[in-house]
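The N-linked glycosylation site annotation in Swiss-Prot covers ASN57, ASN119, ASN127. Taken from Swiss-Prot, the feature signal peptide applies to 1-24, supported by sequence analysis. Annotation comment: Swiss-Prot describes 25-190 as topological domain 'Lumenal', evidence class sequence analysis. Sequence annotations record features per position, and here Swiss-Prot assigns topological domain 'Cytoplasmic' to 210-258 based on sequence analysis. The transmembrane segment annotation in Swiss-Prot covers 191-209 and is backed by sequence analysis.
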Amino acid sequence: MMNLRVLFLALLLLASPLLQVARCQSDAEDHSSLVDDVVGENTDDAVEEDDHDLDMNLSSFPGVETVCVFPKNSAKLVPAGEETELLVGLKNEGKTRVGVMGIRASVHLPYDHKLLVQNLTMLRLNNASIPTSLQATFPYIFAVSQYLQPGAFDLVGYIIYDVEGKPYQSVFYNGTIEVVESGGLLSGESVFLLTLGIGLLLLLGLWAYSQVQRLTKKTKKVSKVEVGTRSTEASLDEWLEGTTLAKTSSGKTKNKKN
C-alpha cells in the first residue's frame, strides 16, 4: 500500500510540468490573439495606405545583385522575442541610378511557403540612391514573435527599389533560420525531458528496493521455520524420555546388541 502511494505521488510530480506547459501555451495563444485583434483594429488602415507600394508582387531589375549576411551569427539562430540583425547588400551593375525604397521579410513554414507564420518589420529607406557600378549595405533588424515555437522556419526577405520611376524588388534571402528560446541554455522541452528522466529513475529505484525487501523477508521466514522444526524435535525427545515408549525402545536396542 505504501508503494502505491509513493508511485501515485511520483506520477503527480511528473504530470505537473505537462499541466503547466499546457496552461502557458493556452495563455500565450489567448494573449497573442488579443494582441493581433487590437493591433489589427488600430493599424490596418494606416499601414495599408503607407506600405501599399512596398507590398506588391514585383519583378527584379537586370543588373541589380543582392547579398545577405548574418553578422556574428553564422548558425542563423534567432531568439524568439529578441531582435536579430542581418546586413543586406545591393550592388548596382546597371546603367541607371537605383533608389532603394525599403526592405521587408516574412517567416514561413519550411515545407510550404504558402503557409505564412509571421510578417516581419517593414523598413523604409526613402529612396536611398545607389549610382551605377557601386554597392551599398543596409542593416535590417527584425524580431519573431516570443510565442513562436522553437524550430526550423524559412525566412524570405525582399529589398524594394526604384529604377527610372518604376518599382522593382529582389530576394536577398530565402533560406532556413533556427528559432530558439531566449533567456537560457535549456528550453522548456529539455527541462521537461530531464524531469521525466529523473522521475523514471526514482520509480525504478523504488521498484528495485521493494523487490529486495520482499526477497529479504522471504529468506527470514524460511530460516525461522527450520529453527522451529529443530527445536520441536528436541523437545519431543526430551518429553519421550522416561515414558514407556522410551523404555521399550531402549530395551529393543539392548536386545539387538546382545
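Cβ atoms are placed via backbone N, Cα and C, with glycine included.
Computed from a predicted structure; not experimentally measured.
Distribution of Swiss-Prot features across the structure.
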residue	record	Cβ within 10 Å
ASN57	N-linked glycosylation site	6
ASN119	N-linked glycosylation site	11
ASN127	N-linked glycosylation site	13
Distance [Cα-Cα, Å, rounded] between ASN57 (N-linked glycosylation site) and ASN119 (N-linked glycosylation site): 15
Rounded to the nearest Å - Cα separation of ASN119 (N-linked glycosylation site) and ASN127 (N-linked glycosylation site): 22
Secondary structure at ASN119 (N-linked glycosylation site), reduced by DSSP to three states: strand
